[in-house]
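Everything on this sheet refers to the single structure shown next.
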Amino acid sequence: MFLQLFKVWIGVFSVSFLFLPILLVLDWKKRGTAEGFSSVVLIIPMIIQAFWLRHGWMTNDTTQILINSMNLSVLSCYIAAYAYYQPKRKFLIGQLISALLIIKCAFLYVDSHDSEHMESAMGTIAAGAQILGLGGRVYEIRRAIKMGTTEYIPAVMQFAVAALMAQWFIFGIVTGNKFIVIANIAGLTTSAVTLNLYFRYPPLTWTVPIFNIPPKNAKKQE
């Protein structure tokens, strides 16, 4: 009974995050451009969700199937919005082509296994991709340190992602899915590092919610 309720909870919890990137789109609209924002944070999740979708399909996990199907559908809309507000689209096009090739090659690799080991192979790839996918967040961390500001790392999304990964970490423990547990431990560690950056390198023009860290420009004016 508890497991069924928790599956419903994490399903609703995850789906609610589908609308969070709308804040990014509104920010792009306000600025009139998406320049300065990295498309990596949109492309990498697309690859990871495609892997988890197939893993869910192979293990007959309806929770993963529903959540990742919806995620991929909505994420496509956000990528389209990014393309609309991004004046330099050739990098985005290259990243999309690369992402599709990676997904295709991964599926072919899984299909090369015998039926007994296919689920494990897909789970390993999905978890590994999620961990490697942290490279996009590591890139954001390095860029923020280099720029000396977290202006282009939306805080609301960081808090939300950390909360979501914590829920999936618990889900992995409850269901005994080691792939989900390992992937989200790595993600939570990266989130902790990212959130710490707001204290060391505050944004230029906005206040960090929850932590209530004022923008760097405001500090200079004082």
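Yeah, the Cβs are placed from backbone N, Cα and C, and that goes for glycine too.
Automatic prediction, not curation, is the source of TrEMBL annotations.
If you look up TrEMBL, you'll see 6-26, 33-53, 65-85, 92-110, 122-140, 152-173, 179-199 marked as transmembrane segment.
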Problem set entry | Top Cβ-contact partner of the transmembrane segment (92-110) among 6-26, 33-53, 65-85, 152-173, 179-199 (pairs under 8 Å) | 33-53
Exercise. Near the transmembrane segment (65-85), which same-chain residues lie under 8 Å Cβ to Cβ, leaving out any that are not at least 6 residues past its ends?
Worked result: 11, 14-15, 18-19, 21, 24-25, 28-29, 32-34, 37, 39, 42-43, 45-46, 49-50, 52-53, 56-57, 92, 96
Exercise. Near the transmembrane segment (152-173), which same-chain residues lie under 8 Å Cβ to Cβ, leaving out any that are not at least 6 residues past its ends?
Worked result: 6-7, 9-10, 13-14, 17, 20-21, 23-24, 27, 36-38, 140, 143-144, 179-181, 183-185, 187-188, 191-192, 194-195, 197-198, 203, 208-211
Seminar exercise, completed: Long-range CB partners for the transmembrane segment (179-199) (under 8 A, at least six residues beyond its ends), listed in sequence order, are 55, 123-124, 126-127, 130-131, 134, 137-138, 140-141, 144-145, 150, 153, 155, 158-159, 161-162, 165-166, 168-169, 171-173, 208, 211, 213
